[in-house]
Amino acid sequence: MKERVVVLVGLWLMEAWEGHLSPIFSLSPSPDPLRSPAGVTLLCGVECAPPWTLGVRPLLLTPYLVRDSVVMCVSVRGVEVRRRRAGDVTPRESSPFINNTDQDQENYYDGKNMALFEEEIESNPMVSSLLNKLVNYTNLTQGVTEHEEYENEEGVTKIRVKSPQMGTFIGVYLPCMQNILGVILFLRLTWIVGTAGILESFAIVVMCCTCTMLTAISMSAIATNGVVPAGGSYYMISRSLGPEFGGAVGLCFYLGTTFAGSMYILGTIEILLTYIVPNAAVFVAEKKEGEAEAMLNNMRVYGTCCLALMALVVFVGVKYVNKLALVFLACVVLSIMAIYAGVIKTVIEPPDFPICLLGNRSLQNHNFEKCVKTEVIKNVTYTTKLWELFCDSHHLNATCDEYFTLNNVTEIQGIPGLLSGVIKDNMWGDYGPSGMLVEKKRQSSVPAQDNSRDIYMPYVFNDISTFFTLLVGIYFPSVTGIMAGSNRSGDLRDAQRSIPFGTILAIATTSFIYMTCVVLFGACIEGVVLRDKFGDSVKKNLVIGTLAWPSPWVIVIGSFFSCCGAGLQSLTGAPRLLQAIARDGIVPFLQVFGHGKANGEPTWALLMTAGICEIGILIASLDAVAPILSMFFLMCYLFVNLACAVQTLLRTPNWRPRFKFYHWTLSFLGMSLCVSLMFISSWYYALVAMSIAGCIYKYIEYRGAEKEWGDGIRGLSLNAARYALIRLEEVQPHTKNWRPQLLVLLKLDSDLGVKHPRLLSFTTQLKAGKGLTIVSSVLEGTYMTLGAEAKSAEQNVKSAMHAERTKGFCHVVVSSNLRDGFSHLIQSAGLGGMKHNAVLMAWPGAWKQAEDSYPWKNFIETVRETTSAHQALLVAKNIDKFPSSEDRLGEGTIDVWWIVHDGGLLMLLPFLLRQHKVWRKCKMRIFTVAQMDDNSIQMKKDLQMFLYHLRLNAVVEVVEMHDSDIAAFTYEKTLVMEQRSQMLKQMQLSRNEREREAQLITKLGTKSHGNLNDNATATPDHRVHMTWTKDKLITEKNRNRSEPNVGVKDLFNMKPEWENLNQSNVRRMHTAVKLNEVVVNKSQGAQLVLLNMPGPPKTKGGDENYMEFLEVLMDGLDRVLLVRGGGREVITIYS
């Protein structure tokens, strides 16, 4: 035996083989491979003996990696062998178009002809390498081959069978035929035709087949838009509509497939106990009224046993199921051929299946042999078995049923044949309630007292109430199974060609079979026989079997094995579908079902499937189970059509299906038909199915894994967002539509984490307005050097937003300084008309202790920027003391101090906060300040009326603030403030000198406090202000230059001049102190205090004083929110 080794030689051949080379070396100048005596094939490289003949195990025998750049493929008699070293990481989902940045993989570069692209080749593959990967690319579905792998005890060697070789006929057409033609055709189609009539039955078939044909067209477009690598229909839906829709519909499709297994098993048991071995029943009714219940119990017992046996077969190995598939398919084909042969035979010689009628009522003739009341034997009249069923004795003078006495017994052929004209009688339906007699149309009878419900009467009854919508739900499962081809895409030679052609051809074939069967059944079989669901009138024969040729047993045996095969296929496919969903990780609690045996068999998923299937078997009625799985399949088909329509209308660049015979109108028609069939079949089942899908959707959206599959719903959202942004004019919205669109300016710590996460919590609590939220921060530096840090910081901010449940967008920018960065964000954040109108930031709490003036200068510049941009500004002091989103504040108040009107934002913010569960129990209080000449009583009434028109519930209080003398404390605060300000400006102190300055100011403040108190008592009207004369400033500057060691202490020893006082600073400080006293007195215990934020000075000369004024204004309060309006009304009394 000769092994063949294919070696592509890279840069590290000698090192890779570690000297174990054949003594024969030859280069291959041409693309044609050379062959050595050892059976070695060379591709552009070196000839060597097979490595295992040298006692050396190859390092890695995938077609991609041997050390750095050597690419090798080892083939042993056509079987691909793969080994991996211990510790190798399982690769990610492969794609030939994913750039691989690992230098050890697939970067083949010989350094001779492509030196110009040397840097490019390090990150991007050569075209030859890409094409090689495309040729060798395989990432297919879980098909037959995947579950016939062998895995040794180490779990490192896998032997795969040959590559998929199935064509359209074997791989798609026949599996679809087998799945579509099944239990409903053999057991219920004749009954549907007899009950609904030919016309209505034909309409049912046309509706259902049209639905599946339109779905197949949509599915073909999706399936041919690239390789469908895993999960079949589930993969198509999830990758087209996203993980939420994919998971919801995937689970619905799984439940439908599972209940289909129940339906096939119930059909198998019905055929077994009704037509093959009726004596095998475990439960036997003593009375006639208990026969139905006994039959249901038999179905449950035998169905459970059958389910256990089938599950065991699937557990042992799917290969046995696949080997039996052809046998089951042959049974289906033979059965269909027998039906058509029987129809043809009825033209020549109709089969002999007489039925007995009493008047116009059909009788169960398995209880008697002769369809006569009496018979004459040797001139002696004898009563028959039929007489005994209607009379109290076998004597001629016995008392008999009145209807029996008045009407004659007639015998007619149950299968009169194609040319008999019975088609006219079967053209229209014959619906009725449960227990209604099956009667022949146009047959005369003498009316009599109705004793038909007597338990001894051998009439044929309706076992269930019948109506058109019920028949639609029962029939629809007969057209499902169109996904069989797409589910086997891993076994197809050319899936993109085979799936559309094979699926559509199979649907066309089966639709033709169903439509012709409807017409032929109505044209060949008597109506009373068609409406006889279990064949009681034809001696317990399968009704469709009576039509078949050469024998009814062809249909009976064929349908039995067909149902068995379909049940096995359902139990094989459903667990793999559940396993695919579990392995995607989109439904966390299902992840346990992603595990299985060592060879990939989904053991846990099989157990789950068997458990759900048992629920359907316990229902025990095929007619009750069929509508359930109809709902789930229709849900699946609905979203297949939706996926195709969305992708078509979005016109995404990646939407390039090879199948061209589709249109979005066909997909929408398919969607409409699916929804219509759902509600026609059963409106309450439809609502339940949609509710289940909706719950799964919301669960995946809330708890599921975050997947990005390039799905159409994301594309639809993008298109909708683009369209909405274009329509959203870049003008100020109407006051009624105003809502806070927040730009949140965060500070980051040294580890690039969020410094104040409670700012995000507060943002979340403000989002009752449902506005835009943009969370931003700035890094100082250049983007070239801090680009990676910016991405890392953005991820940290996103994590903090997720932890605080803040819904919005995150953006971290890099700028040369914080001031410019915040300015750029204020100007450019947002898109089009969707821009922020308010800025939220934290108060720079430690601005006095900062080593430089940048923090408070940046803050003031941000205030000026927002004012210039006509945007509102919210500044939160002590933000770390604000409640988190998990806290629940008890009884308390949100106090609003409305000093000046700046658009009504002060009153709107508490209303929004109280919509959140954190602040819901807090009451709102509004305080306003009355001056000396104001009427406070009238102000309160007017304010209450204003709040009434604003629909705001709040307690109103007017605080009178009279003019008073400026206290000594005010002078003290002003003095200290100006001392610090003037010193920093005029002397340009160094960092060390500023530290000493802070200590000296503290000492001076203590000393001045005592002096000012004394002076204030004697001369309360004496207004003081410290200033520095021009001469002294010049003297001090020169002195500082000539004597650098002179400290600040000497400066404080100079007596300040108390003339020429700066009355403006004194008045501002006086206002801040007095207002702070009032606010602290009224609102010190409030949960939150909202204050008007004074505007910054017009000139930058008083910036430090402005910070001091705000500090004094908020002194003594725990949680404060300074609010500065954007210059426009945000709240209105009008509707």
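A Cβ is built for glycine as well, from the same backbone N, Cα and C atoms used for every other residue.
The domain 'Amino acid permease/ SLC12A' annotation in TrEMBL covers 172-344 (among others).
Residues or ranges marked as domain 'Amino acid permease/ SLC12A' in TrEMBL: 461-743 (among others).
Annotation comment: TrEMBL describes 757-875 (among others) as domain 'SLC12A transporter C-terminal'.
Averaged over the domain 'SLC12A transporter C-terminal' (876-1135), the predicted model has a pLDDT of 69. Taken from TrEMBL, the feature domain 'SLC12A transporter C-terminal' applies to 876-1135 (among others).
Marked as transmembrane segment by TrEMBL: 170-190 (among others).
As annotated by TrEMBL, transmembrane segment applies to 202-228 (among others).
The transmembrane segment annotation in TrEMBL covers 248-278 (among others).
If you look up TrEMBL, you'll see 299-318 (among others) marked as transmembrane segment.
The transmembrane segment feature in TrEMBL is assigned to 324-343 (among others).
Within its own chain, the transmembrane segment (459-484) has Cβ neighbours under 8 Å at 172, 175-176, 178-185, 188-189, 192, 195-196, 200-201, 204-205, 207-209, 211-212, 215-216, 219, 232-233, 253, 256, 260, 263, 292, 358, 361-364, 429, 431-438, 452, 503, 506-507, 510-511, 514, 528, 531-534, 536-537, 623, 626-627, 629-630, 633-634, 636, 677, 680-682, 685, counting only residues six or more beyond its boundaries. The transmembrane segment annotation in TrEMBL covers 459-484 (among others).
Residues or ranges marked as transmembrane segment in TrEMBL: 504-530 (among others).
Per TrEMBL, the feature transmembrane segment maps to 604-622 (among others). Same-chain neighbours of the transmembrane segment (604-622): 183, 187-188, 255, 258-259, 261-263, 265-267, 270, 296-297, 299-300, 303-304, 307-308, 311, 314-315, 570-571, 574-576, 578-579, 582, 592-596, 628, counting only residues six or more beyond its ends whose CB sits under 8 Å from a CB of the stretch.
Annotation source TrEMBL lists transmembrane segment at 628-650 (among others). Within the chain, the transmembrane segment (628-650) has long-range Cβ neighbours (under 8 A, six or more residues past its boundaries) at 211-212, 214-215, 217-219, 221-222, 225, 233, 236-237, 240-241, 245, 249, 252-253, 255-256, 259-260, 262-263, 473, 476-477, 480, 483, 616, 662-664, 667-668, 670-671, 674-675, 677-678, 681-682, 685-686, 688-690, 693, 712-713, 715-716, 719.
Marked as transmembrane segment by TrEMBL: 662-686 (among others).
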Region pair the transmembrane segment (662-686) / the transmembrane segment (324-343), three or more CB pairs under 8 Å: no
Chain residues outside the transmembrane segment (504-530) and at least six past its termini with a C-beta under 8 angstroms from it: 172-173, 176-177, 180-181, 185, 189-191, 193-195, 197-198, 201-202, 205-206, 209, 212-213, 216-217, 220, 336, 339, 343, 346, 353, 355, 357, 362, 412-418, 420, 422-423, 425-427, 430, 438-441, 460, 478-479, 482, 485, 537-538, 543-544, 546-547
